[in-house]
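Engineer: Can you read through this structure? Questions will come right after.
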Amino acid sequence: MMESMDFHKIMAFIYLPTILIGLLGNLLSLYAYSRPNRKSMVGFLLYSLSISDIFLLVFALPLFSIMYLPIWTDEQKSFVVAYTAKYVYPLCMMAKTCSLYIMVLITIERWIAVCRPLEVQIWCRYTTSSYSIAAIIIFAVVLNFARFFEFEIEYIDGLVYFKRELLDSDKHWWYFMFYFIVISIIFDYTVPFVIMFVANMLIISELRRTKKERSLMTIQQQKEQNTTVMLLVITIFFGFCHFFSMALKLAESFAGGFLTIHNIYLEMLGEIFNYLIIIHTASTFFIYYIFSEKFRQIIKGIWK
């Protein structure tokens, strides 16, 4: 138990600057893709992704960092930990689902732009994307709403504690197997990863085919291709950072219980996998800056 707490304290100090840098980067991205600077449909989707990532990082800040920092008394810490687990964790998962499916939407948009250019005017419109974003938000809330009931808060000797309720795999095995494992594996990993993998393979194939024709492309077509490459980097990095959490979830489904609860080393490993997800969320600004000339111009304009 002591090793676990010490590890979480160390990770709290690692999470803190990562999340703060990510918040700053996403705020700058939000400005860069705001309406006055937004010139394309993909810009609207990246604007939406920045909003979702900001919420994700805001909720991750107390969940992964603040509640483990040595700044609380025992009474304060028990209160913060209990209410963070009860209420902030579900909100964080909702934001994570939103970011996940916005990434899927961006991948589909790029597939249409690269592989079905004649259909861009039909599918890649502000109205269609706005409805899609609204549907993603509703889906994220519905999918993760049950998480508000995974923990119960109780008071013992004047201190606030939380205990596993629905997450008690012995008491509520049906919830663990059906929701936490099956539903989560399908909608948090399998569906989005399959869509992104297939679409990205088709996009890469098309980019290779048109590589020889690049010298004949207009400047606008070359910019579109650069945008596609940038988004490919983001989605591939996204897949890498989320893959290990999916592998752990699959391992728990075969084990029929929470592996991270009973093994300190697996708990540490799970925390590192969570950190990879935060790394991706915090690093998109740097990918935009490296690959997008227009983005660099806007950011440099802020400093000037």
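Heads up, the Cβ atoms here are built off N, Cα and C, so glycines get one too.
According to TrEMBL:
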type	residues	note
TRANSMEM	12-32	transmembrane segment
DOMAIN	25-288	domain 'G-protein coupled receptors family 1 profile'
TRANSMEM	44-67	transmembrane segment
TRANSMEM	87-108	transmembrane segment
TRANSMEM	129-149	transmembrane segment
TRANSMEM	174-207	transmembrane segment
TRANSMEM	228-248	transmembrane segment
TRANSMEM	272-291	transmembrane segment
Engineer: Under 8 angstroms, Cβ to Cβ: which one of 44-67, 87-108, 228-248, 272-291 has the largest number of such pairs with the transmembrane segment (129-149)?
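Structural biologist: The stretch I would name here is 87-108.
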Engineer: So, taking each listed stretch (44-67, 87-108, 228-248, 272-291) in turn and counting its Cβ pairs to the transmembrane segment (12-32) that are under 8 angstroms, which one gives the highest count?
Structural biologist: 44-67
